[in-house]
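Here's what TrEMBL has on this protein:
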{"type": "DOMAIN", "residues": "344-435", "note": "domain 'Histidine kinase'"}
{"type": "TRANSMEM", "residues": "12-36", "note": "transmembrane segment"}
{"type": "TRANSMEM", "residues": "194-213", "note": "transmembrane segment"}
Amino acid sequence: MLAQTPPPRLGAAVARFVLASLVAVAVIVVGGFVLLRDAAEQEAERDTRERVVAIASLVETAGLQDGLLRGDPAALRRLDDLVLGKVLAGSIVRVKVWTRDGRILYSDEPALIGRRYTLGEDERELFETGGAEAELSDLGKPENRLERPEGKLLEAHTTIRTPNGTQVLFEIYQRFGSVSASAERLLGTMAPPLIGGVVVLLLLQVPLAWRMARRLQRGHQEREVLLASAVESSSRERGRIAADLHDGVVQDLAGVAFGLAPLAASARARGADEEAGVLDGATATLRQGVRDLRTLLVEIHPPNLSSAGLEVALSDLLSPLARAGVQTGLDLHGGVPVARQELVYRVAREAVRNAAAHADPATVTIAVRAGEGRVRLVVRDDGRGFAAGERERRAQEGHVGLSLLEGLVGRAGGRLAVTSVPGEGTTVELEVPQG
Ligand SMILES: Nc1ncnc2c1ncn2[C@@H]1O[C@H](COP(=O)(O)OP(=O)(O)OP(=O)(O)O)[C@@H](O)[C@H]1O
Ligand SMILES: [Mg+2]
């Protein structure tokens, strides 16, 4: 399908610009929030790691006894007092002490004490490497089922030793709510100046965008005017050349032919047959020359286009085909502006000529529709058609009728499409703004 390029519309162009800017602002805000949240999460993990190390060393020195390893109630009580009194405050909601093989020695939740779960890879590694780990808790794990009601949690572990040197894993759980709250707080402070700045930028850019779109639009209009005047002046120039040829050379040659004919007759009467033959030949050549020149005149400046109109000119194109027994059809709807008539005529002429020269068709039709700001021409034949590469090959041999048309149509701001199916025929479609 063919499409024309409409002139750029000012309001639509600026609206598109504003919309794109708003989308960019939205991307910045959402992206900023995600980045801030990630940063806050990492910060919280670091913070939690530091806390677990500090609390673990407190527990190690003040609350951890060897009796805990055997489940001694006094040792449990002592640790419980320390945890309830000093550790479980603010955002820390749970404490667990694990043996290396996954048994819970102590928790502030008594139901967990003595239970056994499989420790994760990371936790087991801590027994070898030391240090601390922090991560978001997977509340789906069975060992975390009692923490589920607390919502999203960060867990952190490190290893400590009982007085006899046995390593145990110390674990705390911290509420995550404080993390997202701090990201929101950060965003809350940064977003208003950021968004405000972008909006001010946008407000400053809208008049600029408006001016630029207007300049583009004016450029487009100027181009149209230039094109129209170029077509007009070239057609005027061709008219002038045609008139000069017609009134000068054509008349002179016709006059000479007219003068030579009686000379041949009198030579023959005199019995100078050879001389008469030469004169007859010269007259015939001159007449042929005049005929050729007249044909050329019609090509350069089709007279019936301006005098009789496009419809007559188009049906003149078809009539030689009709005389040769081809079925022809012409269908013209709407008034084609004078400025476009010549282009329509030239495209139709090349298409019809091509059909006659290459296609051997049974039918050739021309359809022209003008309206809704554009002119459309379709020339169709049901001849032999041609394959994709054929045109290119012929163009290299100097057969450039269609290529020349493409340039002409492009300069007028239109589109030309030639579609052909071997064995089925060829369609030439022109679409051009009414101008
Ligand atoms: N209607 C058609 N049916 C079959 N073949 C066609 C048709 N129109 C064009 N062609 C093929 O495409 C080629 C290129 O066409 P184009 O009009 O560019 O050149 P041409 O007609 O061969 O020469 P020129 O137009 O320069 O006198 C033709 O040589 C022909 O092979
Ligand atoms: Mg051709």
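Using the three backbone atoms N, Cα and C, a Cβ is placed for every residue, glycine included.
Please treat TrEMBL annotations as automatic predictions, because they have not gone through curation.
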| remark: Spatial neighbours of the transmembrane segment (12-36) not adjacent in sequence (6+ beyond its ends, CB under 8 Å) are 183, 186-187, 190-191, 194-195, 198-199, 202, 205-206, 209-210, 213, 216
| remark: Confidence over the domain 'Histidine kinase' (344-435), expressed as mean pLDDT on the 0 to 100 scale, is 91
| remark: Secondary structure of the domain 'Histidine kinase' (344-435) by DSSP, residue by residue, totals 36 helix, 33 strand, 23 coil
